[in-house]
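Q: Annotations per TrEMBL:
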- 351: Ca(2+) 1 binding site (BINDING)
- 485, 591: Ca(2+) 4 binding site (BINDING)
- 203-215: compositional bias 'Polar residues' (COMPBIAS)
- 198-229: region 'Disordered' (REGION)
- 420-479: repeat 'Hemopexin' (REPEAT)
- 481-537: repeat 'Hemopexin' (REPEAT)
- 538-586: repeat 'Hemopexin' (REPEAT)
- 587-634: repeat 'Hemopexin' (REPEAT)
């Protein structure tokens with residue numbers, strides 16, 4: 001007899017209580033399942049479903065037990081340094097990489113709807129009485145090894161060294177951090193070394209290319225770019241780049257791409273691009289490297305791949321676990337991101353993190369994390385110093401977000417070297433401070449100009465102002481020439497005049513109103529010929545500077561120097577003279593000359609070298625490398641100076 005046949009003529013039976021409860025439970029289960037499915041759906045980047053989470057943590061299980069601590073310490077290299085920190089790609093029998101897309105659907109036939117009575121019944125090891133997995137303990141790790149690893153972790157993180165899992169140590173382990181190991185084996189790497197030496201004579205822009213400005217528009221306005229799946233992108237890239245065993249980037253030009261399939265669901269696409277541009281730019285302000293966004297080459301030709309992704313678990317009989325972007329390294333605990341260098345240069349950002357573009361907002365500062373992870377792709381490891389950008393943890397204080405001097409020296413010592421630039425002119429701009437009509441003192445800053453850009457150098461900090469260089473015309477209103485031959489600031493108690501020289505002409509600048517004067521004192525419009533405003537001076541000079549001690553202006557042209565008397569408006573008798581006669585040891589055809597208030601002496605610059613007067617009325621010493629005395633003046637590519 002077919003027990004499943006339903007007779008249409010049979011009157012319906014009144015359901016009993018058990019049947020009713022079972023039916024209700026099935027409906028509740030179905031509703032909860034659908035709700036969870038919809039709540040787990042990917043939000044469209046920047047769309048209506050893109051919400052900003054108000055907290056700054058990930059809802060992962062905290063590290064509490066001995067087993068979890070052992071896994072944490074092993075992964076990060078506290079038992080022994082980690083070898084080969086790179087993506088591990090599973091391969092098939094024929095050697096083809098196996099990739100699992102992040103959004104792959106779970107097996108519909110591997111879920112709780114399967115009839116348990118039809119499945120093989122077997123003993124399950126490691127399952128507690130309450131149905132939860134029991135803790136796995138690595139038998140290969142002795143108690144002594146564990147305590148020693150804990151002691152090392154405590155010592156290097158400035159904690160009380162006990163070797164025991166106290167609350168302070170567990171709290172440190174549960175802080176938001178980067179997923180890269182803290183200790184890795186050093187590999188043989190190919191560095192830039194001498195390759196970049198002398199390369200300052202070529203154009204070295206530093207962030208992005210013409211492709212960059214259109215990236216966000218393309219992403220939000222139809223995307224004319226050919227869409228690629230993560231499967232294709234990672235497959236091609238890994239097959240190609242695992243054959244390329246370069247250590248660090250060796251040609252000074254680095255391409256990068258934010259994968260279209262790896263956009264964050266937390267931020268607008270345009271915001272993501274802007275933050276990433278800024279993180280790359282900050283690195284290009286300290287090393288002679290140009291970052292160029294590449295939207296058109298095949299993915300296997302791009303140097304650095306950046307993408308957001310999520311680890312996902314799917315319930316059911318097989319408890320499927322799919323990691324972000326096909327990566328073999330899971331985001332564990334409070335890991336916000338991890339990165340790989342060498343042939344697998346990439347940044348993976350955990351999109352379960354509530355990202356925010358700016359400091360001060362609730363959430364996680366994407367710029368801070370991106371800046372750290374890009375440092376890894378360039379070859380830097382973790383530095384266990386609280387003031388280092390490359391410390392493993394992401395501190396909550398965003399006010400000190402910068403690449404500090406130790407991190408700058410570290411990235412330069414890897415082989416990238418220091419930036420070397422030729423300057424058109426340099427000067428110290430002095431500004432008096434007044435109160436109630438009385439001058440209390442003066443402040444000054446040093447400005448370097450080159451090819452339509454300028455840097456303000458902060459002498460007390462030994463670096464340029466962050467965000468420099470800037471466009472000359474934007475910072476000095478009315479200064480249109482791209483090439484400046486000299487800047488003259490005549491400053492004493494009774495004088496405060498600023499002049500810009502370019503070609504055969506000069507401009508006078510209003511320091512108080514911060515713009516060029518339109519007319520001179522006689523009503524003649526600027527610019528004026530140099531020979532008109534400074535009688536006896538040729539119309540094409542190399543450079544100029546004011547010597548506050550002697551009260552003279554010195555104009556340089558070729559191998560000659562002109563001494564100019566300000567009050568008499570004339571060239572001093574007997575001038576011009578040979579530079580070697582007036583400034584013995586100084587170069588001919590110099591690019592810049594200026595008096596430095598920070599050093600209390602005069603500098604002469606030509607090419608990549610400088611000379612200086614050793615002390616008042618002392619000998620001139622040099623040549624010496626300019627980038628050893630004025631460090632990290634880097635030529636950042638112009639188009640994205642506002643990032």
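Backbone N, Cα and C define each Cβ position, glycine as well.
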Q: What whole-number Å value do you get for the CA-CA distance of residue 485 (Ca(2+) 4 binding site) and residue 351 (Ca(2+) 1 binding site)?
A: 51
Q: Just counting, how many other CB atoms are there within 10 A of the CB of residue 485 (Ca(2+) 4 binding site)?
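A: 26, counting other Cβ atoms within 10 Å of residue 485 (Ca(2+) 4 binding site).
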Q: If I take the alpha carbons of residue 351 (Ca(2+) 1 binding site) and residue 591 (Ca(2+) 4 binding site), what is the distance between them in whole Å?
A: 51
Q: Have a look around residue 591 (Ca(2+) 4 binding site) and count the other CB atoms within 10 A of its CB, chains all included.
A: 24
Q: If you average the pLDDT over the repeat 'Hemopexin' (538-586), what number do you get?
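A: That region's mean pLDDT is 94.
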Q: Once the chains shown are all counted, how many other Cβ atoms turn up within 10 Å of the Cβ of the residue listed as 'Ca(2+) 1 binding site'?
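A: The Cβ of the residue listed as 'Ca(2+) 1 binding site' has 25 Cβ neighbours within 10 Å.
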Q: Reduced to three states, what secondary structure does DSSP give residue 485 (Ca(2+) 4 binding site)?
A: coil
